[in-house]
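Asks: The structure is given below, and queries will be raised subsequently.
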Amino acid sequence: MTATDPVANLQTLIRCPSVTPAEGGALSALEAMLAPLGFTVDRVKASEEGTPDIENLYARLGTDGPHLMFAGHTDVVPVGDEAAWTHPPFAAEISKGELFGRGAVDMKGGIACFVAAVARHIEKSGQPKGSISFLITGDEEGPAINGTIKLLQWAAERGERWDACLVGEPTNPDRLGDMIKIGRRGSLSGKITVHGVQGHAAYPHLADNPVRGMLQMTHALMDPPFDGGTDDFQPSNLEVTTVDVGNPATNVIPAKASASFNIRFNDSWTVETLRAEILRRLDAAAGNGELRPGRDPVKYDIVWADRPSHVFLTRNNALIASLSSAVESVSGQSPKLSTTGGTSDARFIKDYCPVVEFGLVGQTMHMVDERVAVADLETLTAIYETFIARWFANAGL
């Protein structure tokens, strides 16, 4: 086996059961691919109290600039019901032109293809006039505390600097070449608790039902819309994700009700202005007596989740142009530049260098029978190889 073969690379990685937080041999397998290509490889273990230790990998080829980083993750989500899979989730079997396995799309496939692209570039043209690095974590699908964010800090403290980054997440909705992600919405979560007075359901005048107050509060969070979208981002959207009263009895008015929410927000907002708007809405709803006639304002408190994600947009023309032209020349498609979807580790990388995302088709990610077309692996490798050549050619412009 040589690292120039993306299919063999991916099969090797899939056969490593690296469900977060387990390394599962995946980083060791990647190290074995990169070291023969001339990469200096560091394994970095990160820890934080209350969270599992995580193994990460940083590898660099070259010592000079310009410096291109490829970022991704080898950890995968659980397989779910293994009996429902038509092929074992860690066997990496090929059937009817598709390679099956957990992580095939998200995102061991992207890593396998970029390794192959670098190997082919070296084989044909020698080492790039600059540096290429791999920044790979085992903690993207989990809490993302001991992963990319700490690996970036570790590398930066050692003097590492990057000019651009490509993240190999599965960005394409339907066909390879559909979409490049050039930014991401922000993400903010919180938990509201409404306090009432417990009592008998037959004697509501002696109690204060917090569910009524919670209905007011959650409605105020979702209506009216926060905005209508911007030139680069879709409208901000808030979803209530859990509601709980902790009360199994049908004849008891509960003492409190809680609800969690998450909002994905665009560049109309910052975390600070969004928190202020949410509090404004909650305070206004608390004093609305429509659902609680004759009652005092709703008593509530709110706890904000740690580590909100900030909105960002990449405007680096050389990076975007190099990738867009590579996608179009290989796939024949002109990719859409998009900021849709959820968050990724690009949210951490954007603080260090311009970052874009492009990988496989994401239709089966996290699903039973996650799989990728073998032909797509070859196409993505060709796109990455073309991108590498064009980025280094344009990086000094």
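Just so it is clear, glycine is given a Cβ too, placed from its N, Cα and C backbone atoms.
Below, the features straight out of Swiss-Prot:
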type	residues	note
ACT_SITE	Asp75	active site
ACT_SITE	Glu140	active site, proton acceptor
BINDING	His73, Asp106, Glu169	Zn(2+) 1 binding site
BINDING	Asp106, Glu141, His366	Zn(2+) 2 binding site
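What's the neighbourhood like for each of these?
Replies: Residue density at Asp75 (active site): 28 other Cβ atoms are found within 10 A of its Cβ, drawing on all protein chains shown.
Long-range Cβ proximity for Glu140 (active site, proton acceptor), meaning a same-chain Cβ under 8 A and a gap of 6 or more residues, is found for Thr20, Gly72, His73, Asp75, Gly147, Thr148, Ser344, Asp345.
When secondary structure is read from DSSP and collapsed to three states, Glu169 (Zn(2+) 1 binding site) falls in the coil class.
In the three-state DSSP reading, Asp106 (Zn(2+) 1 binding site) counts as coil.
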Asks: What's the CA-CA gap between Asp106 (Zn(2+) 1 binding site) and Glu141 (Zn(2+) 2 binding site) in angstrom, rounded?
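Replies: Glu141 (Zn(2+) 2 binding site) has its Cα 10 Å from the Cα of Asp106 (Zn(2+) 1 binding site).
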Asks: Taking the mean position of the Cβ atoms of His73, Asp106, Glu169 as the Zn(2+) 1 site, which residues outside that list, in the same chain, have a Cβ no more than 8 Å away, listed in sequence order?
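Replies: Residues close to the Zn(2+) 1 site, other than His73, Asp106, Glu169: Gly72, Met107, Gly110, Glu140, Glu141, Val167, Gly168, Pro170, Ser344, Gly359, Met365.
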Asks: For the C-alpha pair, I'd like the distance in angstrom between Glu141 (Zn(2+) 2 binding site) and Glu169 (Zn(2+) 1 binding site), rounded off.
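Replies: With distance taken Cα to Cα, Glu169 (Zn(2+) 1 binding site) is 12 Å from Glu141 (Zn(2+) 2 binding site).
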Asks: Would you mind ranking the binding-site residues His73, His366 by how many other Cβ atoms sit within 10 Å of each Cβ and giving me the lowest?
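Replies: Among the binding-site residues His73, His366, the lowest count of other Cβ atoms within 10 Å belongs to His366.
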Asks: In angstrom units, rounded to an integer, how far apart are the Cα atoms of Glu169 (Zn(2+) 1 binding site) and His366 (Zn(2+) 2 binding site)?
Replies: 13
